[in-house]
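Peer 1: What follows is a single structure, and I will ask about it in a moment.
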Amino acid sequence: MSTKSMIRDVELAEEVLSEKAGGPQGSRSCLCLSLFSFLLVAGATTLFCLLHFGVIGPQREEQSPGGPSINSPLVQTLRSSSQASSNKPVAHVVADINSPGQLRWWDSYANALMANGVKLEDNQLVVPADGLYLIYSQVLFRGQGCPSTPLFLTHTISRIAVSYQTKVNILSAIKSPCHRETPEWAEAKPWYEPIYQGGVFQLEKGDRLSAEINLPDYLDYAESGQVYFGIIAL
């Protein structure tokens, strides 16, 4: 029986009883019947809505909370992309804190990573395959006071391509932490100067990449994760 039929039957019953009822007793009977009719109609309407919107009834396709079906094309595509990216070359090397006075990269410390063909040779990362790569590096300089001569800090990422065997700067930055000399009578205050660089480049198999600075004596090794160099195949 449909919801419309149920409502119509209730209305007919009210009309019949209204004609038969009379006096106070009849009024009370009509009031009870009206209340019962309202509850019946409300229940039928609620049941119809639950069935219509699929809250009850046949189970829907399994879904992840707040997301698409686990068998949807979108999820399958993301899974395939994740599996493919796990086979791409990647490297993340950190500064060797046991080599004062020079910037030496190391791939054996904690949080360092070399995967899928990337090599560290002669302080350079060797690209294992053609493709687009994200190249990034950060250094942190630290000093105490400012000298009488200008102080310039440089950070350069260079590429030696297999096709022309010439060292070319592909990312470069320069900073000066000191704008004036610290007076002899003044307290020499510490300063910190970070430099971060990153970019996407088309590289060839066998290309060599280096990250260098001009004043390694100012490098800050106080905390891990402050000086690093890496590449990620895209």
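Even glycines carry a Cβ here, placed using N, Cα and C.
So Swiss-Prot lists the following for this protein:
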| type | residues | note |
| --- | --- | --- |
| MOD_RES | Ser2 | phosphoserine |
| TRANSMEM | 36-56 | transmembrane segment |
| TOPO_DOM | 57-234 | topological domain 'Extracellular' |
| CARBOHYD | Ser81 | O-linked glycosylation site |
| DOMAIN | 89-234 | domain 'THD' |
| DISULFID | Cys146-Cys178 | disulfide bond |
Peer 1: Identify, in sequence order, the residues in the chain of Cys178 (disulfide bond) that are 6 or more apart from it along the sequence and have a CB within less than 8 Å of its CB; answer 'none' if there are none.
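Peer 2: Gly143, Cys146, Pro147, Pro150, Leu151, Trp191 - these are the non-local Cβ neighbours of Cys178 (disulfide bond), listed in sequence order.
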Peer 1: If you draw a 10 Å sphere on the Cβ of Cys146 (disulfide bond), how many other Cβ atoms land inside?
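Peer 2: The Cβ of Cys146 (disulfide bond) has 19 Cβ neighbours within 10 Å.
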Peer 1: Counting by DSSP, what is the helix, strand and coil composition of the domain 'THD' (89-234)?
Peer 2: 3 helix, 75 strand, 68 coil
Peer 1: Average pLDDT across the topological domain 'Extracellular' (57-234)?
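Peer 2: Here the predicted model's pLDDT, averaged over the topological domain 'Extracellular' (57-234), is 86.
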